[in-house]
Amino acid sequence: MDQYNKYITTNKRLGLVNWMLNVSRIFKLRSHTFQSAVNIMDSYFLKIDFEPNAEELSQTAVLCLKISSMICEIRPLFMDDVLYLLDIDTDNEFTNNIISSQLCTVELSILEKLNYKVYYLTIWKYIKQFWAKRNLPEQYYHLAYSLANILLSTNDYLRFDPKILADKIINICIVLEEDPECYETLIEDELEYQYIHLIWNRAYHKFKDYFNAVISTTLLSKHQVKVPPIQLSSNIKFPNSIFCTKIYPEKEFTMYSKKTVKKIDFQNKLGSGTYGSVYKITYDDNQIAMKKIRNKSTFVIDSNMIREVNNLMILSGHPNIINIEGYYYWDLTSTMYIGLDLMDTSLAIYLTKNNISESLKIKYVLQLLEAINYMHSKGIMHRDLSASNILIKGSTLKIGDFGSARFFSGDTLDTKYTRNVCSINYRAMELLMGIFPYNNKIDIWSCGCLITEILTGKRIFNGLKEAEVINKIHDILGVPDADSMNMSVFLSKSKIPLVTQGTLFTPLNLYPNQFPIIYQMLDYNPYKRPNAENCLKKIKESFDS
């Protein structure tokens, strides 16, 4: 690949990828974390033109794994893990701190070279999405996993759309299982099939150490992943250009400098959130909001900082989501600065001080749903939708504070997310009970609470403690049925007399067309809650009727 760093040979790169795979196995990292880390490393190597030495290559590989783990894992790799993996173990704490500081500088240089854009839609992520949608049997799973990782043995995967490669891998698995005689006909059909076969064949015969490492992470034998003996033409040409997955909008975001942030007057504090404080400042003669996120650990950039900047960049441009103006991480103070739209107030404060007209209520509700629908369409769940994190300026509503937001995988319930998310009055029942893995439907529950609050001016589930909120939910919605929730856990958590049917929320009686939809959004069973697109459609229709 012409664009790739000429000093990093195929064998050098493959050695790094093989090591990253073994580290991922030892630390039990997700497959998506590993694949994303390889994407980050390859993207970085596309950006640099110097020759890294062996030590720098090792540092880059493990730090790319660390960055990826901060995005994808509950328990990411820490700097102590990096020191261990690089075999740096001095008993001198002072020396360790110096080396850690140097590694933090390298990590920061990787992030800055990539403009902090480190979210990737990997081949494996798409395979998992397609798997769930097509309800495929498990016997194809391990071969698909193997092929997804085998394609990382060279950097040629960068030339192709990962979504298309994922689809082709699944088709190959199906054909080999159900009608292997059709395999040759299949791979002659399209370039992506030919590419997969060629890399598979090369890995099987030439990259044996890596091939065996991939197989060792599955339940398959080497024979079961043997490449079919099909000869393809040697004249097959891959695309010359790098395929660009459109995750981020076509917009350049300002990276502030140390000089810039040192000049800012941080006297006018607007408020504090989960992960930082927000100030009203003047930048380039314009008034904006500046969020300061401070990490308690010296030098180290925090996972929430990386997530928030990436989430904001991906969602930038939507009229009902707070816009990012720029960002900067100052390593000496361990502080991330994020420039944002300046809004007037939060929805929480606005509702206490204003009587909102019915027309404005409708506007706010629709804008909220438009924003959540867009956010979910980009594969991001907010995980902290509350009246304090919804911002108002005149008749415009915007969702803010993306410090807790993260990518989700389709509609499947995922066990590998942090449980302690969402403000307590907007927290979905599965989170309150601690009995479900969860997905983006926790946002739908929070949205149902917010719509109720906008329409009635009152919180539907008010309480200071979890037990109070659970009891309030029970009073209004009644007891969950056995299909929706584990009753023994519900009983132990609620500790209240049971009634089969709740009393409903009487202020919603003024909105007979909307409250059935809101109660669907508040279904105990997340699978029964409508998605954001359906909520938006139903609410629009209810206001028009």
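Just so you know, glycine gets a Cβ as well, placed from its N, Cα and C.
Swiss-Prot annotations:
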- Asp384: active site, proton acceptor (ACT_SITE)
- Leu270, Gly271, Ser272, Gly273, Thr274, Tyr275, Gly276, Ser277, Val278, Lys291: ATP binding site (BINDING)
- 13-125: domain 'Cyclin N-terminal' (DOMAIN)
- 264-543: domain 'Protein kinase' (DOMAIN)
Residue, out of the recorded positions Leu270, Ser272, Gly276, Asp384, whose Cβ gathers the largest set of other Cβ atoms within 10 Å: Asp384
DSSP-derived structure type at Val278 (ATP binding site), helix or strand or else coil: strand
Cβ contacts of Val278 (ATP binding site) (under 8 Å, same chain, 6 or more positions away): Lys269, Leu270, Gly271, Ser272, Ala289, Met290, Lys291, Lys292, Leu340
Mean of the pLDDT scores, which run from 0 to 100, over the domain 'Cyclin N-terminal' (13-125): 93
Where the residue listed as 'active site, proton acceptor' sits in the secondary structure, as DSSP reduces it to three classes: coil
For the domain 'Cyclin N-terminal' (13-125), the number of residues DSSP places in helix, strand and coil: 81 helix, 0 strand, 32 coil
